[in-house]
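Trainee: The following block contains the structure, expressed as structure tokens.
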Amino acid sequence: MRIPNIFLSYLRQVAVDGTLSSCSGVKSRKPVIAFGFDDSQDSLVDENDEKILEPFGYYRHLLKGKSARTVLMHCFNAFLGLPEDWVLGVTKAIEDLHNASLLIDDIEDESALRRGSPAAHMKYGIALTMNAGNLVYFTVLQDIYDLGMRTGGTQVANAMAHIYTEEMIELHRGQGIEIWWRDQRSPPSVDQYIHMLEQKTGGLLRLGVRLLQCHPGGNNRADLSAIALRIGVYYQLRDDYINLMSTSYHDERGFAEDITEGKYTFPMLHSLKRSPDSGLREILDLKPADIALKKKAIAIMQETGSLIATRNLLGAVKNDLSGLVAEQRGDDYAMSAGLERFLEKLYIAE
């Protein structure tokens, strides 16, 4: 069963007898072929999807491999004990959503590269790339609704759709305020920045956990949302740090691209607060591509102790995570073994 679609229901009724009746029972994504065309042309839908989703397919191929999100969902399932097909369904939804969001993010950030290759909008154009990303947002919603219907009926499907909508709203609020800060050249406070990370980066992992826990069976009493949220925050703070410091990151995205994109990241905000007259604000407002200017900005952040402060914050989030994991596992160390191995690989060496 699929989400009822008023427009398709209307077309179906008009195509059959030219009248309008109540909308119900629409179970197909495929458009109704009417007005002299027969249903044998349904294959055109698949052909069109292949064309209009080329930017999405490009990123799915570019980013292929067992992602951290896939591994993490299985680590969480050690606490929940849910069927494998359910976990795979949720994981696919999160992966598709993540890749779709990257299509939009790279446009909004004006990024030229993604993992050392041209960003999708540089290859396919802004219009098609944006449409592909938005389309996948809705196909993911359809997929999780279908997964819920197959597993637990309308109640589970509706709960999953509600959670998805709720978290997508938060994700867009987080992305939106980050863009506003960037475009208005209005740096937020550190607390405002961390809240944005909770909405944006942490929200995607929290969505995955909440969808997993919609299953009617398993140990759904485990409170894993707080762990997922902090992992997301750690990811972004780590990204803030390595964007400025890691050579391998530079090869994939370009040197200190956060500076060129005009973003405000944690080390930048810490430095601006510590030394408002250091000249960093003026450099950041230029959104420079010039390597010398970017190196000067990084040198200022080093002088204000902001890169050390970033590492210290990463350490604090790490300690917080360790406490939360221990709280959820109790004495069952085997339950959290996979998650703890995952986290050890994620953490920056002290």
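Yeah, the Cβs are placed from backbone N, Cα and C, and that goes for glycine too.
As listed in Swiss-Prot for this protein:
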{"type": "BINDING", "residues": "Lys66, Arg69, His98, Arg115", "note": "isopentenyl diphosphate binding site"}
{"type": "BINDING", "residues": "Asp105, Asp109", "note": "Mg(2+) 1 binding site"}
{"type": "BINDING", "residues": "Asp105, Asp109", "note": "Mg(2+) 2 binding site"}
{"type": "BINDING", "residues": "Arg114, Lys200, Thr201, Gln236, Asn243, Lys263", "note": "dimethylallyl diphosphate binding site"}
{"type": "SITE", "residues": "Tyr137", "note": "site 'Important for determining product chain length'"}
Trainee: Between Asp109 (Mg(2+) 1 binding site) and His98 (isopentenyl diphosphate binding site), how far is it from one CA atom to the other, in Å?
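Mentor: Computed Cα spacing between Asp109 (Mg(2+) 1 binding site) and His98 (isopentenyl diphosphate binding site) is 16 Å.
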Trainee: From the binding-site residues Arg69, His98, Asp105, Arg115, pick the residue whose C-alpha lies nearest to the C-alpha of Lys263 (dimethylallyl diphosphate binding site).
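Mentor: Of the binding-site residues Arg69, His98, Asp105, Arg115, Asp105 has its Cα closest to that of Lys263 (dimethylallyl diphosphate binding site).
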Trainee: Among the binding-site residues Arg114, Arg115, whose Cβ has the fewest other Cβ atoms within 10 Å?
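Mentor: Ranked by other Cβ atoms within 10 Å, the binding-site residues Arg114, Arg115 bottom out at Arg115.
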Trainee: Distance check, please: Cα of Lys200 (dimethylallyl diphosphate binding site) against Cα of Asp105 (Mg(2+) 1 binding site), rounded to an integer number of angstrom.
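Mentor: If we compare the Cα positions of Lys200 (dimethylallyl diphosphate binding site) and Asp105 (Mg(2+) 1 binding site), the gap is 11 Å.
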Trainee: Report, in whole Å, the straight Cα-to-Cα distance of Arg69 (isopentenyl diphosphate binding site) from Asp105 (Mg(2+) 1 binding site).
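Mentor: Arg69 (isopentenyl diphosphate binding site) has its Cα 18 Å from the Cα of Asp105 (Mg(2+) 1 binding site).
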Trainee: Quick check for the class: what is the C-alpha distance, in angstrom and rounded, between Gln236 (dimethylallyl diphosphate binding site) and Arg69 (isopentenyl diphosphate binding site)?
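Mentor: Checking the Cα atoms of Gln236 (dimethylallyl diphosphate binding site) and Arg69 (isopentenyl diphosphate binding site) gives a distance of 14 Å.
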Trainee: Between the two most separated Cα atoms in Arg114, Lys200, Thr201, Gln236, Asn243, Lys263, the residues recorded as binding dimethylallyl diphosphate, what distance in Å do you get?
Mentor: 19
Trainee: Including all protein chains shown, what's the count of other C-beta atoms within 10 A of the C-beta of Tyr137 (site 'Important for determining product chain length')?
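Mentor: The Cβ of Tyr137 (site 'Important for determining product chain length') has 17 Cβ neighbours within 10 Å.
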Trainee: Around His98 (isopentenyl diphosphate binding site), how many other C-beta atoms are within 10 angstroms of its C-beta?
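Mentor: For His98 (isopentenyl diphosphate binding site), the count of other Cβ atoms within 10 Å is 19.
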Trainee: How big is the Cα-to-Cα gap, in Å, between Tyr137 (site 'Important for determining product chain length') and His98 (isopentenyl diphosphate binding site)?
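Mentor: It is 9 Å, counting Cα to Cα.
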Trainee: Counting other CB atoms within 10 A of each CB, which of the binding-site residues Asp105, Asp109 comes out lowest?
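Mentor: Counting other Cβ atoms within 10 Å of each of the binding-site residues Asp105, Asp109, the minimum falls on Asp105.
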Trainee: For Arg69 (isopentenyl diphosphate binding site), which residues of its chain lie six or more apart in sequence with Cβ-Cβ distance below 8 Å?
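Mentor: Sequence-distant Cβ neighbours: Thr91, Ile94, Glu95, His98, Leu204, Leu205, Gly208.
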Trainee: Do you know which of the binding-site residues Lys200, Lys263 has the most other C-beta atoms within 10 angstroms of its C-beta?
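Mentor: The largest 10 Å Cβ neighbour count belongs to Lys200.
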